[in-house]
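Asker: Okay, these came from TrEMBL:
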type: DOMAIN; residues: 5-120; note: domain 'Response regulatory'
type: DOMAIN; residues: 136-201; note: domain 'HTH luxR-type'
type: MOD_RES; residues: Asp55; note: 4-aspartylphosphate
Amino acid sequence: MQKTIVYVVDDSDLILDLVRKILENSGEIEGSYYQSGIELLNQLRPGVVDCVVADLKMPDVDGEELFQRIRQCDPLVSIVIMTGFADVKTAVRLMEQGTFTLLEKPFTQEELIAAVKRATNHTCELRKNNASLTKATAMKQLLTAEEAEVLECIVSGLTNKEIANTLTLSPRTLDRRRQSILRKLNVNTVAEAVALIARTAAISR
């Protein structure tokens, strides 16, 4: 079973050691631990880390700035912000910016593990959706302009007769383009093609 990769940063030895023990005892998480936000940023690579656990208040770069710089490096990784200074305004602001979880100190072992698991699952879902969107977009780009017109009509719910009249196509030409669309989108039916386009639109929003 592949372990969850978590980066943790806190300038407090006490907190860092506590988090290290909790995560290591879980048996499911492989952690890297830093006392400096800059040090963490120097090690961060896109798509490698499942979750970042960061202190909100640090001397070199505080959690809010660190959050922005992590997002620049890896927009899809979820972040758990640890803070002993939590208040409603801070929580709302961070959530609006995309921080996945706010974890107020002191926290229990169960609270930390639960936060990391939620954040990790969120990261996995974002990456899965992003991969699906990239794949679907690439397949759509294989369509010719004429095929894209037919697909747009199909997605709009037009019947074969309505599509043929709208685009001035013979039934044979329309059928040929429909079959080409299905082949390029790697689906078997028109319903599957419509569902694929709908999922792509939903993910991209």
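Each Cβ is built from the backbone N, Cα and C atoms, and glycine gets one as well.
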Asker: What does the DSSP secondary structure composition of the domain 'HTH luxR-type' (136-201) look like, as residue counts for helix, strand and coil?
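Answerer: For that range the per-state counts are 51 helix, 0 strand, 15 coil.
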Asker: Over the domain 'HTH luxR-type' (136-201), work out the mean pLDDT and round it to an integer.
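Answerer: On average, pLDDT over the domain 'HTH luxR-type' (136-201) sits at 88.
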Asker: DSSP says what for the domain 'Response regulatory' (5-120): how many helix, strand, coil residues?
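Answerer: Per DSSP, the residues of the domain 'Response regulatory' (5-120) fall into 54 helix, 26 strand, 36 coil.
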Asker: Let me check the 10 A CB neighbour count of Asp55 (4-aspartylphosphate). How many other CB atoms are there?
Answerer: 24
